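Taken verbatim from Swiss-Prot:
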DOMAIN    38-276  domain 'Protein kinase'
BINDING   Phe45, Glu46, Gly47, Gly48, Arg49, Asn50, Asn51, Val52, Phe53, Lys65  ATP binding site
ACT_SITE  Asp152  active site, proton acceptor
Amino acid sequence: MSRPEQQLKKMLKNPQAQYAVYPTAKVERISTTQHMYFIATRPMFEGGRNNVFLGHQVGQPIIFKYVSKKEIPGNEVIVLKALQDTPGVIKLIEYTENAMYHILIIEYIPNSVDLLHYHYFKKLEETEAKKIIFQLILIIQNIYEKGFIHGDIKDENLIIDINQKIIKVIDFGSAVRLDETRPQYNMFGTWEYVCPEFYYYGYYYQLPLTVWTIGMVAVNLFRFRAENFYLNDILKGENYIPENISETGKQFITDCLTINENKRLSFKSLVSHPWFKGLKKEIQPISELGVDYKNVIT
């Protein structure tokens, strides 16, 4: 048995491990044109369109994402390659495929969890929530500058290093080319995060939609996961403004979640909102998170 295979089996049997993989999972080999990997046979996550597995290679855990070819095309691979060196974006290490699936081999961020589970049992303090949202805005700006829109910004698609409080954006299956001028009539993201103009009129513009989803993420960071707020709650007139946060924080959320898209906070003005006064406009690179993948896959 090879050392990477032994390491993966040891990880799977550790009841305290954060990998959330079933300890009874078997280990199989998977080969690409460049490398041999070892992968658990039971997923960490099962979704409607993809499954995510833990794998191992060259002494480091990695993620395997299987995306059904029947459900969606391989756009995610194209987008991740284009965003390869973009700060705050999950890194695609390698890609392969079989008859049924696109197989994305993706970096694993240690000590991390998605934001949905991060605030599952707790409401975040304003200082922490503000820094998370500011990071998110900077990352989305980086994606925007490369000519793309993520298309499905939500708690589940943001992972956070629980020690350093640094986030990364994942799951680019709904990402599309940026088009600021034309209305869009197809919604590829999550319905609960849809903007009101699409709900009412069946169209949206990409940047106002992005601002809306950022506002939704901000609202939900101040709530327990079971209390997550969505479009229908706002349209019903329920109060979505968190209590016990600053007036500038309340104003930011209100500005993002304005029903009239023409009065909503503009995408380009997000970063200069008074709520973020004093925060540095920088995103820490992957090597500072504890794993330098440039030296892992050779």
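Cβ atoms are placed via backbone N, Cα and C, with glycine included.
Under DSSP, Asp152 (active site, proton acceptor) is assigned to coil, being neither helix nor strand in the three-state scheme.
With a 10 A radius on its CB, Asp152 (active site, proton acceptor) counts 19 other CB atoms from all the protein chains.
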